[in-house]
Structure formats: C-alpha cells, structure tokens
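Here is the structure we will look at, set down as structure tokens.
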Amino acid sequence: MLKLNLEGIYNFLDWRKHTQTYAPQIKSIHQKLHQDKQLKEKYLGWLELPLHFDFKEIEKMKQLKNFHPNLDVLVVIGIGGSYLGAKAGIEFLQTPFKKTKPEILFAGHQVSGNYLTNLLHFLKNKNWAINVISKSGTTLEPALAFRILKKEIEEKYGKQLAKNRIFVTTDSQKGVLLNLALKEGYQTFVIPDSVGGRFSVFTSVGILPFVFANLDVASMMKGALQSYHDTFQEDLLQNQAYKYALARYLFHTQQNKKMEILVSYEPNLLSFSEWWKQLFAESEGKEEKGLFVGATNNSTDLHSLGQFIQEGTKMLFETVLNVSSIKDDCVVPHILNELDNLNYVAGKTYSQINQKILQATRQAHIEGKVPNLEIVIPTLDAYHFGYLAYFFQKACAMSGLLLGINPFNQHGVEIYKQKMFALLKP
C-alpha cells in the first residue's frame, strides 16, 4: 500500500504544530467535498466514481475490441486530460520493448505536421482504428487531427466500413463531436458532465484505451476504490492524501516555495509525471496563486537538473515517487579481470543500486536545504496505478481548496484560445 514519508520535511516545518492548526479547516473542506450537492453535481463526478464504477461498460468495450481481433493500432486522439491519463496508465504498466496488439498511439496532442505525416506513413500498411476524445469537439488540436485521420481511414476502408473503426468519447447531450458521431453512426462513449478532463482517467476517457491495451482494469479500479476509502478519512492524521496536500500548501504559503518537482526513478513513470503536472498546474494555477510543478526522472536528470536542485536558488521542494520493488531486474555480474572497477556492485540488482541512488540523493538534497517528501508504492501494477492516480486527485482537490481557489475549473486555458481563433478565423 502507499506510504507517505515526511521525515525529509521535519527540518523545515513545525509539522506537529501545523497539523493541529489546520486539522479543523481540513475537516471542514473534506465535509464540503463530500456533502456539498451543488459542488458535486457540477465538478465532482470523479469523487465517488470508484464506488459506483460501471463494470458493464468494460464488457461493452471488450466486445468492441473483440469485434476487431486483428487490429494493429488504435490511434487515441485527444489533448490534456483526454490523453494524458491513458498514456500514463499504459506506460506505467507496459515495457516500451514489448508492443501490445493493438499498439496504442496518440495524436491531436500538438500541432506538428511532421508528427502527423509520419504517423500516417506508419499506419499505411497497418490495420487500425480511431478513438477520438473531446467533450465539445471544438478543441483545435484534436479536431484537426481527427479531420485528417478520419479522411485517411475512410479512404483506406471506405466510408461504411470506416464508421465501425471510429469510436467517439464525448459529452452525452451536446457538442460538435456528439452531433458528428450521431450523424455518421459512430460508436459513442460518455464523458460525464461533472468530470473535468484532468480528473477523467477512470471514465471512458482512460478506460477504453486501457481495455484495448489489455490492461487489468478490474484491478485498477480495486486500487482506486481502496484509495477512495483510505482518503475518505476526515481526520488529517489518518489521511495521507490530506497530509501531502497540507505539506504542499505550507511550503508554498509559509516557506515561499515557488515550485514542486515530482521525482521518479523509473522510465515507466515519465508519462505519469506529465499527467500529474497537468492535474496540479491546471487545478491550482489561478488568481496568481499555486506552485509551478515540474518533474525529473533520475538518475538521468541528476546529470542535468541535479546541480540546480542541489546548489541553485532555494525555490523548490521535491516529492519523490519511490517504487520499492521492480518485477523485471538485472544483476551486475562479477568479472575476474576487473578492468572497469565495478566489482564493488557485483551481485547487486539494478533496483538495489537505484534505491541507493534515491536514498543518497534525498539525503544530499535535504542537507542542501531542499525539503523532500517521499511517496512509496510497492510495485508497478494496475492496482497501484489506480490507487496512486486517485490519491493524487483527492490530494489535489484538498490542496486547491486550502489555497482558497476553485481547483475544478480552468478559465485561463480559454484566453490563448480566444486570441488564437482571432488570428486564424477570417
């Protein structure tokens, strides 16, 4: 199960005093989250989703997948929360060197003609389908990609057969994409109206790609459900998600920290870090408040950003995501003719060495006046992906409400869109 280690912050904060001070406020916010009907109806469709998850929907998705047994590629079209959760879950659980069938590829998450042209070339001799994800259908990046990929798939299979290869995840009642799907006769899946994109990983937005990627969705939802129960505690001392949220809040408001870095030590967590960045940045970056969130993947980034973190401006704190046990591992061999001077690690696994690097780095950074939280999970499996993703969602809600902002909207995103459309439209 997940463990939150706060030993790396005690030199920087009077933690006991602060927990006593903020426990009543956190209890009040918790009650608001779970009892405010207006808030729940508008924004919190994700909050109790693990409790009421519709497993019949998974069977519907499996039937759809089985209808295309020879599919080589599913192209998931989306941006922001419409693709980050799916990408995070798939890369959390799969090795990059063992491709599943179908392979899950992504489009519509940028405007790169080079990327899309090469994707089309890759798909030319493949058996493929599309899952386009957008609540409204008006977000430019995925809409552009869908226009081009829709044309391509219709030219390859013919319009009638192509419509059985296009799956639409969108609003249930309204929107350009829904209207298009109904007119064309595409299979549709629903994004609940009360679930924002960055909180949508356990809806059809994430689950359909997970099913096509052959992930264990049932175990994932068991993990999310356990996380729901564990974070349902209104008592701060019994709720690790709320402790994490409070620590973030205190470093930002009382220690004047400007940035949080999520530190991981496994490449499988690179896309999870991107999902985490969107979750917190889009939730808290309002009213000139909020931490700037970044991510490092060590030990790679110890040879680039590590210098700044150790001795640069003391503007940040770190949250280390530690996976304590790795399924697939390497052992360093012993060599008699030791020309490389590495026999001091002979017999050790890569995981054991990686853990020593993690421990040494935390110690060095704490001594370098960089506060360190540590979140430990036992392994990289579907259960712990579900647990961890829900943990961060709940922590994010508490963290934003502690700041006094609404963590569930994102009006700032619309500003660049307005200016972009003004430049693009005649």
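Glycine is no exception: its Cβ is also placed from the backbone N, Cα and C atoms.
Since we're looking at a predicted model, the values are computed, not measured.
Straight from Swiss-Prot, the features:
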type: ACT_SITE; residues: Glu282; note: active site, proton donor
type: ACT_SITE; residues: His303; note: active site
type: ACT_SITE; residues: Lys417; note: active site
Q. Can you tell me how far the Cα of His303 (active site) sits from the Cα of the residue listed as 'active site, proton donor', in Å?
A. 29
Q: Pick the one among the active-site residues His303, Lys417 whose Cβ has the fewest other Cβ atoms within 10 Å in this structure.
A: His303
(Q) Suppose we draw a 10 Å sphere around the Cβ of the residue listed as 'active site, proton donor'. How many other Cβ atoms does it contain, all chains included? (A) 23
Q) Given Lys417 (active site) and the residue listed as 'active site, proton donor', what distance in Å do their CA atoms have, once rounded to a whole number? A) 15
Q) What three-state secondary structure does DSSP assign to the residue listed as 'active site, proton donor'? A) helix
